[in-house]
Amino acid sequence: MPVLSTLGSVSRRGWVGIGLVGFVLFSDLIWSRTERWLSARRARRHTEATVAEVFFANERSNRPDDAGVSMDRFTSEHVQRIVDYLDRARVAVYLGMYIVTVDKIGDALIRANARGVRVRVIGCSSMAYSSGSQMNKMAEEDIPIRFNDSSSAYLMHHKFCLIDTDWLCAGCYHAERVRRLGFCCDGSGPANGGSALPVGHAMVNGGGGGGLVANSGGGKAVVPCDLADRSGCARCRKVLREEKERVLVGEGGGGRDPLPAGGIIITGSTNWTMQALSGNWDNMIVTSRQEVVAPFQAEFQRLWACFAWSPPMFERGGGRAAAGR
């Protein structure tokens, strides 16, 4: 009864005020939710977009109208382009690079690792201790790094970086190798002079080794892909793909520009050094096209397993950073 009498005592003007306040609060709620939905939709469009860019390291350094412009400007332009892509990483960065000496790039990889992005690096043992190498700095921050065997006559001469791509499960790795080569195992086996990973060597998230050939030492048994492993990956399992997209988009769009859901690759002739990014006649290609990305995914995983043989080049404490994880 007191409540009814209180309500009855509210004037018409009071009711209008209450109605306006309610309308404002309701409108604010609707707009907030709409804004989050639009932001997520915009971000999702980015995850479905196709990236395809080509850059030439010294393209702008000899234009007639660039007289008097310092080389630092041209160098920083390409360095910043790489750093911007690394700073957009949310899931993973897999780098296979002959030599990395640019401080800003090393710092960007360390930042990615610090924010929970899985960072794995493959380098060339011949360049590990070169002047300005970023490898030791990254190892100090517990970024796992693997190298080819230092006694090998061959170089790990790759120059590519996968960003926000998937780590292929045993089945998808096997399928990609078969699609490209017609077979999966990288060697013909011990009968023909090949050496392979020892039985039980794990290559893919606890799965099989895929018959991968190591470059030195070890056992002789060829290990087939563990196709009975059904753990899957974002490439073959819808639930994992949707989970990855949520990570890329983030709550309310994440406030950042997400990369396409399948990730991207940066590759070309360019080492990540100041000379290569300024003066050399070098190139970089950035693309999200899966027919280009997928072979590099499989190649990185093949090398990651093969170079597990090699002793760590850098050690911190027990050497866990360099030994890999």
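Each residue, glycine too, has its Cβ placed from N, Cα and C.
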The residue range that TrEMBL labels transmembrane segment, out of 12-31, 112-131, 172-191, 212-231, is 12-31
DSSP-derived helix, strand and coil totals, residue by residue, for the domain 'Phospholipase D-like' (82-172):
30 helix, 21 strand, 40 coil
